[in-house]
Amino acid sequence: MTIFSSREGGIGAVEGELDVNEAVAKAEDDGPHQWCQSVPYLHVDQTTTMPLTNFKTPEKYEYQNGFGAYHETEAVEGALPIGANNPQKAPLGLYNEKLSGTAFTAPRHENQQTWLYRVLPASAHGPFEARETSTFDTNPGVHGKERWHQIPNQLRWDPFDLDETVDWVHSLRLVAGAGDPTMKSGLGIFIFAAGKDMDPHEAFYSADGDLLIVPQHGVLDIHTELGKLLVRPNEICVIPRGIRHRVTLPEGPVRGYMLELYQGHFQLPELGPIGANGLANVRDFQAPIAAFDDDTETEHTLLAKFAGHLFAAKQNHTPFDVVAWHGTYYPYKYDLARFNTIGSISYDHPDPSIFTVLTAQSDHVGTAIADFVIFPPRWLVAEDTFRPPWYHRNTMSEFMGLIHGQYDGKTGGGFQPAGASLHNVMSAHGPDAATHEKARNAELKPMKVGEGSLAFMFESCLMVGVTEWGLNKCAKVQRDYNEESWAPLKAHFKRPTTAKFVNGAARDAGGEVGDRAAVPHYT
């Protein structure tokens with residue numbers, strides 16, 4: 001059966017003719033303002049008062065607000081102990097359990113720990129056994145058969161296909177990355193595309209890192225140990241290392257991007273002279289409230305991603321039995337429409353770091369293992385300025401994705417929703433020829449760009465390798481990316497005939513040598 005969407009926002013189904021990928025591509029061609037669907041996709045009503053996304057799928061859960069806050073929540077009154085964290089007998093016959101996201105002795109401002117009060121401890125399961133060893137390998141290098149392709153080429157991918165045959169766990173495809181989760185160093189960049197709910201009696205966690213999930217298409221209903229999150233396109237979600245969860249798809253197939261952070265945790269960027277507020281504000285992040293099941297009779301399967309490989313264990317009770325919790329280590333989500341964009345109101349295009357939503361710093365302050373950056377709708381008013389992103393070579397690697405619309409830095413048509421690009425360390429990049437010509441001749445009046453669009457970037461100080469799946473097996477790499485984007489650029493330089501030449505330029509031009517006194521490094 002094929003799922004399709006209408007311009008009026010409805011959905012339907014037809015037998016044959018279009019598969020789900022063709023149906024979604026057709027709907028996306030209609031433009032982000034004209035449609036929304038229950039496969040589903042974001043519909044942004046441009047009449048909506050900022051800063052909220054007008055989601056087609058309504059919220060159904062309650063949350064606690066605040067990033068990095070100390071939260072506490074109980075699903076049954078009296079389940080949280082008063083004062084003590086580890087009483088001899090926890091209230092209501094529950095078990096005390098501590099979940100540590102950092103070392104016990106991490107500095108107070110970094111320390112992330114949560115106390116759980118649950119029906120049975122998380123340790124009550126059978127031994128883990130390796131599963132799908134020939135097909136599930138997300139740690140290229142010394143720990144598996146997969147290897148990185150380390151190449152300097154600029155890369156761009158066509159939209160990745162939906163896959164209706166797999167669930168969340170088996171939808172994860174490693175595209176690029178660096179480092180080693182066994183050393184808690186680096187990151188992995190994934191594409192996910194799923195069409196099936198996880199089994200009702202399964203749960204999954206990653207011991208390798210924190211999962212930053214960026215949906216592009218479809219709704220994720222994520223049941224975690226600490227509560228439930230509904231995550232839609234134009235929202236992001238972070239599930240910290242080790243937290244068990246189950247993902248269902250209430251409105252059909254999903255697709256998106258995911259960054260797994262192997263070291264540290266995400267934090268908000270420092271604001272410096274911006275002041276106390278701006279960018280992603282603390283109050284706009286949402287954490288779940290406690291929600292539990294008390295099934296102690298049904299067999300469940302616990303899936304673990306450990307060192308990039310998949311393991312499974314059996315247990316005779318639900319993993320989702322946390323009745324109450326308090327602490328600083330928990331999943332959370334954020335509506336990207338709430339981002340308070342900062343920009344120049346005089347001249348020049350500031351560095352894209354002003355669009356940073358979340359950052360994970362290396363041991364060198366200001367240099368990130370991973371930054372999550374967005375390019376939302378925004379006003380451009382800079383005078384005498386080339387307004388799109390400038391041409392650039394960067395010591396950082398830049399992986400970009402497009403959630404919906406058209407990215408204002410790439411208007412030639414090759415960068416599409418559900419596609420991606422990678423500009424690795426010192427790989428030159430910038431606006432395509434069409435964008436450059438339009439921008440250099442544009443009337444510089446105040447203008448809003450990115451209407452109905454949202455692009456993002458995973459930026460890292462690490463040199464990013466590409467997997468065999470990402471480079472070849474997915475069959476999505478655009479082999480003509482360079483030729484299409486930058487080969488058409490024209491040289492506009494005209495050698496002056498009357499101006500003075502300096503620094504030896506006149507030796508080849510036959511002109512007059514400039515004034516030595518005006519040229520400090522004259523040779």
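These residue numbers are counts, starting from 1, taken along the chain as shown.
Including glycine, each Cβ sits where the backbone N, Cα and C put it.
Going by TrEMBL, these are the annotated features:
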| type | residues | note |
| --- | --- | --- |
| DOMAIN | 62-336 | domain 'Homogentisate 1,2-dioxygenase N-terminal' |
| DOMAIN | 338-493 | domain 'Homogentisate 1,2-dioxygenase C-terminal' |
| ACT_SITE | HIS349 | active site, proton acceptor |
| BINDING | HIS392, GLU398, HIS429 | Fe cation binding site |
| BINDING | TYR407, HIS429 | homogentisate binding site |
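All features noted in TrEMBL, drawn onto the structure.
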| residue | record | Cβ within 10 Å |
| --- | --- | --- |
| HIS349 | active site, proton acceptor | 16 |
| HIS392 | Fe cation binding site | 14 |
| GLU398 | Fe cation binding site | 22 |
| TYR407 | homogentisate binding site | 24 |
| HIS429 | Fe cation binding site | 23 |
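Within 8 Å of the centroid defined by the CB atoms of HIS392, GLU398, HIS429, the record's Fe cation site, lie the Cβ atoms of PRO389, ARG393, ASN394, HIS423, SER427, ALA428, GLY430, excluding the listed residues themselves. If you average pLDDT over the domain 'Homogentisate 1,2-dioxygenase N-terminal' (62-336) in this model, you get 97. Counting in whole angstrom, TYR407 (homogentisate binding site) lies 15 from GLU398 (Fe cation binding site) by their C-alpha atoms. HIS349 (active site, proton acceptor) is 12 Å away from HIS392 (Fe cation binding site) when you measure Cα to Cα.
Residue pair HIS349 (active site, proton acceptor) / GLU398 (Fe cation binding site) shows a Cα separation of 18 Å.
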